[in-house]
């Protein structure tokens, strides 16, 4: 087990796309263990993606289970994850281990359907909402070389929540 | 530790102000930090943290020709602290209602009594001249619960002012 070095902006490698994982072996499991240790070593991150430590494979970890009143699927290791459906949108404030000392508002889908594989290559499927869905979208962006700063909307941009009228 | 100053420039809006001012600052040897630049009414307003350059008096003198040409008023003073002093908001308060004098004082007075620290406030007047609508968004930090802040602001609803308090959820990923 080891704590890996986190790439931070303006490192150009963070803009690189990651390749799918094809071999599900002990080396993959060892790497994921290191990735998790690295996530826990930092400032309360609810997720981490492999390219943040310079490994350009489609691997992310998401865990929002430590947060109060937050629907979640526990500690998730997602290999080759893919969002297959999006619904709704909301603004939320995000920060990133790779962008120290900056937070910004980002628009994300509020509901997603997600496909992925586990450490053994078995297919997984999830329906997610809210904070967990946001965390997954944030981490999956890393796999395509995108950071939340690529999506930040003006601090003055705000969307007024529409009132829902009962009919 | 760089020596930071807060530079404020305000004047009638026109294209090119930012480019001219920041070029002059650069040529004077200044480095820019956090900045807020926005059109308010018909004015363009710039507040920016600057460091480096020569003495403050020289900076004002260096900007004077551009300021006179563009019709900008300049204010420069030492800025305490520096970069990396971000405070994170945990609550957002959104208010809108028929425009009336005292609305901002009422809302922020209630918030201050709750110990709410305003980190950012922006407001706009929408609607039309006959029926102006005041819209305000405040982000800040408050140790009291969202329920407490919401309850304190509820009295404004009786006046037909719409008030919404939401938590600002920060995600670090």
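Using N, Cα and C of the backbone, Cβ positions are placed for all residues, glycine too.
Source: prediction; values computed, not measured.
So that you can see what the record holds, here are the features copied from TrEMBL:
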type     : residues           : note
BINDING  : A:96, A:138, A:142 : Fe cation binding site
ACT_SITE : A:139              : active site
Rounded to a whole angstrom, what is the C-alpha distance between residue A:139 (active site) and residue A:96 (Fe cation binding site)?
10
Give the number of CB atoms, excluding that of residue A:96 (Fe cation binding site) itself, located within 10 Å of its CB.
28
